[in-house]
C-alpha cells in the first residue's frame, strides 16, 4: 500500500520541472520563441537530446552499434541486466558502445547558450570583461555614470519604501491609540455619570436615615412618657409598682445588649476590610464594571423600556445596579466556617468515598452515595442541630454496585435516581426504600443522571459506552439514544427547558443538544484541555463546567460564547464535585480543599481546607485525601461538602461583620475578666490619674498657640501673583497674568518637595487680590500669617513704582505686621525678560519712594493718617534694614518656573 501510494505521488510532483528543464534547453539561440511552428520544431529536436532510458538530457553520451545514443551510466546499467538495445531490441554488448563526441559537443554548446540566455546584464558585462573585452575610458565613464544614476535611483526607491513602511506603522499606531483614547474617554464618561448618580443616591439614603432617626427618637420619647405615667399611677395604687416603673425607665438609660454599640464601633474596621477585598480584586472588578456598562449601552431599546421603571426608581442605570449587586455579593463573605460535621461511614472500612451528595426539592433532606454501595438519606436540620458524633440516616437503601451519581426528582419529593459502576440507572422511592424502575441498557459504567426540571417523568443518563440515553419513568426502555464519539462524564438538563441538555465528554468538549433534533448538537463548546467531568446550569443561559485541567469555565448557551475561566483549585484525575447557585460556583480540589468562586471573578473568593488547625479531625496523611462532592443549599451561603475519607461537613460562608463582632466580643470579655481581677482601690487610682492627665492635656491644648503656616502673596494687579500660586502648588503656569477678584487659597505640599522622602508638612498659601478696592481683605489673613510675599513686576516697575511703594508702605506700617514681626519678601517677578530691572535697582527705588512717602505723610495731620507705626529712624534716609521685621528682596520668574527664592523664604519661615 505504501509503495503504491508513494509511486503515485512521485509522477504527480516531479514531471513538471523535468519537462520545463528540457523545454528550457530547446534551441536557446533562436530568436522566434513566439512562433508556434518554430516551437514545434524545437520540441522534435529536444526529444533527440533525451536519453531513452532516464528521459533526461543525455550526460556522457555513448553511441551503440545500432545507432542510438544513451547516457553512459544508463546503458551500462541496462546491459548489466539485459543484452539488447532498449530502443530496437537488437543484441548489444558493452564492446559495441562508442563515445558520441559530436552529441556531447552539441549539448555543451546548448547548455552554454542557455546559461548565457538566463544570465543578467551584470553577469554578461562581468563575463565580457573577464574574457578581455576592450572598453574605452569614455565608455567606462558613461557606464559608471549610468551605474551611479541607477544606484541613486534604487536608493531613492528603497528610502521611499522604508518611509512608506514607517508611515504605515505610525498611522496604524495612531489609529490604535485614538481608539484607546476614545475608549478611555467613554469609560471616563461612564464613571463620571455613575459617580453623580451614586452621590445623589447616597444623599437620598442619608436623608431617609435622618428622617427615620427622628421618628425613632419621637417614638422613644413617647414610650418614655408613657412609662413615666404608668410609673406614677402604679406608685399611687401599689408600692411595689414603683420598682417596676423604674425598671421600665431603665430600658432607655442602660446600654443595649444586642451588640449595636460594638457594631457601631467596628463600622470603620469593617469598611477598611471590605475596601481591601475590593482592591485585591480591582482589576477584574474594573473589567466587570465596564462590561456591564457597555452591555447597558448596547442593550436593545425594548429591553431598556422594560428596565425604565427600575432605572427611575433606583436613580442609576441598570448596568450600575447590576455591578453594585456583584460588588455587594463579592464583599459580603470573607471565609467559610464549619457549622456541622457528619461521620456516617464505616470507620474500619477504607471505601468511604462519597461520590455524590444532593438536596431534595425542599432542601430538607439530603442523600449521599459512593463506593460504599448504599444510598443514605439524612435530615438536614437534625444534622445541623444535633451535636452527636455519629449521625444515623433516616433512610438507607443498599445497592448491588458502587454508585457514581444521584439526582432528586424536582417535583416528587420521595423519588431519587442513581447510576452505578455496572451501568444501571435506578429510580428509587425513598418512602418505601424500594426501586421503582431499573434500566440496564448501558453497556459500561454510567457516570451521571439528571431529572428534568420541567417534566417530572423524564431523566437522562450518560455512560462510558459513549451513549446518552433519555428515559421515562412510565416506560421500561429508553425513549431516545444519542451516540457520541467519547465517554460521557456528566449530563444536565437546562432548568428552563425540557428539551435542552448539556453533556460533558471525555473529548474535552461540552455538547449542547436540543432533543427535538438529536442528530447533531446545537453547539459544541471547546476550551478545556482535558475531560469535562461536570456541567451545571446557573440560570437558563449560564452553564458552568469543570475539567481535569484544573479549571472551571462559564459559558453563555444563548449566545454560544465563553464567558470566563476560573483557576485556583487542583484537579487532574479525580471527580472533585461541582455545585452552583445564582451567584457562586463551588468545587472541590485534590488538595482536600473547597473553593468558592463568584461568577464574575476568575479568582477564588474564599476556600476551606479539610483538616484545618481549628478542626478536630486533622490527620497526618490529610494530603492523600481529596474533596469528592459538594452541593449548595438553595441560593444561601450554606453548602454540603464531602471528601474521600467519608467525612461530610456543613460549611457556611461568613462575612466581615461576623468576624468583627466575634473579635469585639472576645476583646470585651477579656477586658471584663482582667478588670474583675484588679482590686477596686487600684481601679479608682487609675481613673484619678487618667482624669488628671486628661485635664492637663486639655489645658496645654487650650493655651498652646498653634504654629502659623500661612504664607500671604500680594502685590499690584498684573504682577504675576496667581501664576506664582500655581507654580508653588503643582508646577503649572498660566500664559500671561490673571486678574483675580477673589483670593486663591490652598493647603498643599510644595510641588518641588513632592518627590522627596520622609514627612512633608503642607503649607497654607493665600493669593490676595491686588486691586485697590480688594486690598482690605489682607487684614483678615494677617493674624495667621507666617510670612508675606510682596510681588513686583520687574518689567513694568517704573510706571508702577509710586503705587507699589504706597501699598508696601501701608503693609510695613500695619500694627499686626510690626508686632508679630512678620517677615516680608519683596519678590521681583519676570526677571527672565530682557527689559526687566534688577532687584538692586528695584530695592533702591522702593527705599527712595518710601522715604518720600514717610516725609510727606509725617507733615499731614494725624487725623488723616491711617498708619499705626512709622518707618525708619528720624533724620536718617530710609532703608529696609531699619524695619522692625525682616525685609528681604528676591528674584523669580513665574512663567519660567524659577521660584527658588520664594520657596526658600517659605522653608525658612514655616516651621514643622
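Cβ coordinates come from backbone N, Cα and C, glycine included.
TrEMBL tags one of the stretches 641-661, 662-682, 683-703 as transmembrane segment, and that stretch is 683-703.
Looking at the residues that bind GTP per the record, 715, 716, 717, 718, 719, 720, 721, 722, 770, 829, 830, 831, 832, the two CA atoms farthest apart are separated by 22 Å. Cα to Cα, residue 832 (GTP binding site) and residue 722 (Mg(2+) binding site) are separated by 17 Å. The two recorded residues residue 830 (GTP binding site) and residue 722 (Mg(2+) binding site) have their Cα atoms spaced 13 Å from each other. Taking Cβ-Cβ distances under 8 Å and a sequence separation of 6 or more, the neighbours of residue 715 (GTP binding site) in its chain are 721, 770, 790, 791, 792, 793, 804, 807, 827. Taken together, the residues in the domain 'RING-type' (51-88) have a mean pLDDT of 89 on the 0 to 100 scale. For the domain 'RING-type' (51-88), residue counts in helix, strand and coil come to 10 helix, 9 strand, 19 coil, using DSSP. Within 10 Å of its Cβ, the residue among the binding-site residues 717, 719 with the fewest other Cβ atoms is 717.
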